[in-house]
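Heads up: the structure comes next, in structure tokens.
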Amino acid sequence: MSASNAPGHQSSQQVDPAIEKLVREQKSLKAKIDVLEAENKALKKSLFELSYIYSAQLGSSNHQSNSNNNTTSASRPLNNNNSGISSDLSVSSTTTSLPYTSNSAFNAAGSHQNDMVLAVGQLLSNMSAAQQSHGAEAASSNPANGSDVTSRGTDAQLKNATDLIKVEEDGVRRLNMGNIVSRQDGSSKSDGRQFFLKNDLKGHQGAVYAVQYSPNGKYLATGSFDKTVRIWDGTTNQNELYVLKGHGLNISDLAWGHDSTLLLSGAYDKTCKLWDVESGKQLDSFEGEGFVQCVRFHPQDNHIFFSGTTRNMLTMVDTRKDANPTSGSAIAIKNDTMVNSIYVYHDGLTVISGDSSGYLKTWDMRTGKVLQAILNEPTKKPISHLAISKQRGSLNGVSLAETEEPESRWLAVNSYDNVIRVYDRGFEPPTTMPRLVYSLKGYRNKHWPIKSAFFHGKDYIAGSAGRRTGKVRGGDGDEPPSTISDKDIPLESSLILASGSMDPYVYLFDVGAGDGQYEVLQKLSGHTDRVYDVDFHPVDHVLASGSADFSVKVWGRASKRKK
């Protein structure tokens, strides 16, 4: 009998459980490395495409770039007739009144090249920062050294990818050591405030960057990298109603008019487009300076909208053309860095901006002056989004605007440092200074334009929400008992913040206590790639999320889950 057939040999063939576990972990690690490699290839492809477009533009117009730059300012006369805007607008020298040309092509090759430089530069910066932060310091391979060097280079890349995963996971573990309230039984369930997947809306052929419910709750608008805006039935059917085409590049943001009849889209083709919701037709198009990062309507006037761009512009546009039939009247304020997100006060004259230098600035659009400037965090990481709480109303004959607070009190700020900071703006902003209440950790925001949204229950009273028994986890690792109620909290008595994340999850945070303690209510799984944007339905207990996996998912209450 051979040695291989000996009885003692069978025991040697049994796999040690520890080795089995190691093999599983190795496979999991390899899968993560494959994902990172694919993401790295996508980034390199984007960089190549941007570089190619920039080079082509530069080559085709190099012989006339100087003359274009010299004549651009002369060919764009200042339009000082702002009769379309409220008569009390008195613009100081820090603002410029510009014509927002309607339905025009890109008018300056030099301007477009500058934006390409900005885009390429930003992409390079992000890739460089990611490499540095993850310790990717392996020497580049030399083709002259043959296949051995190539092999060593591949091994080094795999090692770097492994290090990257380890650093990211360590970072997430550190971020989770915030003031998080957890249940004693270790359960992630939190009574009837749980959400479950209700519907999966498919149709987009690119990453979904923006999702927005209309104020009346009848529609859901989504904007995508595929250059289209889609309008869906926002009630029960979730049917696709319209596919709005007209933008030349990816959609970056969406905004609804206060009466839900108009939709505004901003895109990287440097335009803001106005759409009629009932017919699905484009009403107008307005070209600005730089890629459009964010758009918002005036809270009470659909004729006025605001936008922020990559060329540091904060702009207020009146779409009425009584004074000038060929262009809308605009007021533009030059910030010192890119304007990534904005919120417009109820008065329509005051705007908060979040920019790529990490500052929250409150602007008086009449004077162009900064009323407040707050550094969100000391390392000046870019702000990707501002979310304002809006108290929920009813569709049964009650105006949603009438049920809202005079000025929304809670402000959430998504930042590239993987922290969402929630500020209490007080009762009379901007006369009161915002106070930092929460620093929400656990989600991932770094290098991606992640957005968040509030669920502000109609019965919520600040600081009065009871909590379940549990423990408060502090940054030093101590776990003192918390003063938490045994009673479950009704959803309509809650203040909840939902956020997308670099990982394929939607995070739900309970931020109702007002004392710095918060609870991660739920981590919604279902997407297979980054979640860029989220939005709550204004009336129903429904949440929508848009992802880089091309899908829009609709989440509903646990009580509505089919068993």
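Heads up, the Cβ atoms here are built off N, Cα and C, so glycines get one too.
Whatever TrEMBL says is automated annotation, not expert-curated.
The feature compositional bias 'Polar residues' is assigned by TrEMBL to 1-15 (among others).
According to TrEMBL, the feature compositional bias 'Low complexity' maps to 60-73 (among others).
What TrEMBL records for 83-96 (among others) is compositional bias 'Low complexity'.
Here TrEMBL flags 131-160 (among others) as compositional bias 'Polar residues'.
Under the heading region 'Disordered', TrEMBL lists 1-20 (among others).
Residues or ranges marked as region 'Disordered' by TrEMBL: 59-96 (among others).
Per TrEMBL, the feature region 'Disordered' maps to 131-162 (among others).
As annotated by TrEMBL, repeat 'WD' applies to 201-233 (among others). On the 0 to 100 pLDDT scale, the repeat 'WD' (201-233) averages 96 in this prediction.
Per TrEMBL, the feature repeat 'WD' maps to 244-285 (among others). Away from its own ends, the repeat 'WD' (244-285) comes close to residues 102-104, 106, 115, 206-207, 209-216, 218-219, 221-231, 291-302, 305, 307, 309, 317, 319, 328, 401, 449 of its chain (Cβ-Cβ under 8 Å, at least six residues beyond either end).
For 332-373 (among others), the entry in TrEMBL reads repeat 'WD'.
Beyond the ends of the repeat 'WD' (524-563), by six or more residues, the same chain brings 192-202, 204-217, 220, 222, 224, 232, 234-235, 238, 390, 392-395, 400, 448-455, 491, 498-508 to within a C-beta distance below 8 angstroms of the stretch. The repeat 'WD' feature in TrEMBL is assigned to 524-563 (among others).
Under DSSP, the residues of the repeat 'WD' (244-285) split into helix, strand and coil as follows: 0 helix, 25 strand, 17 coil.
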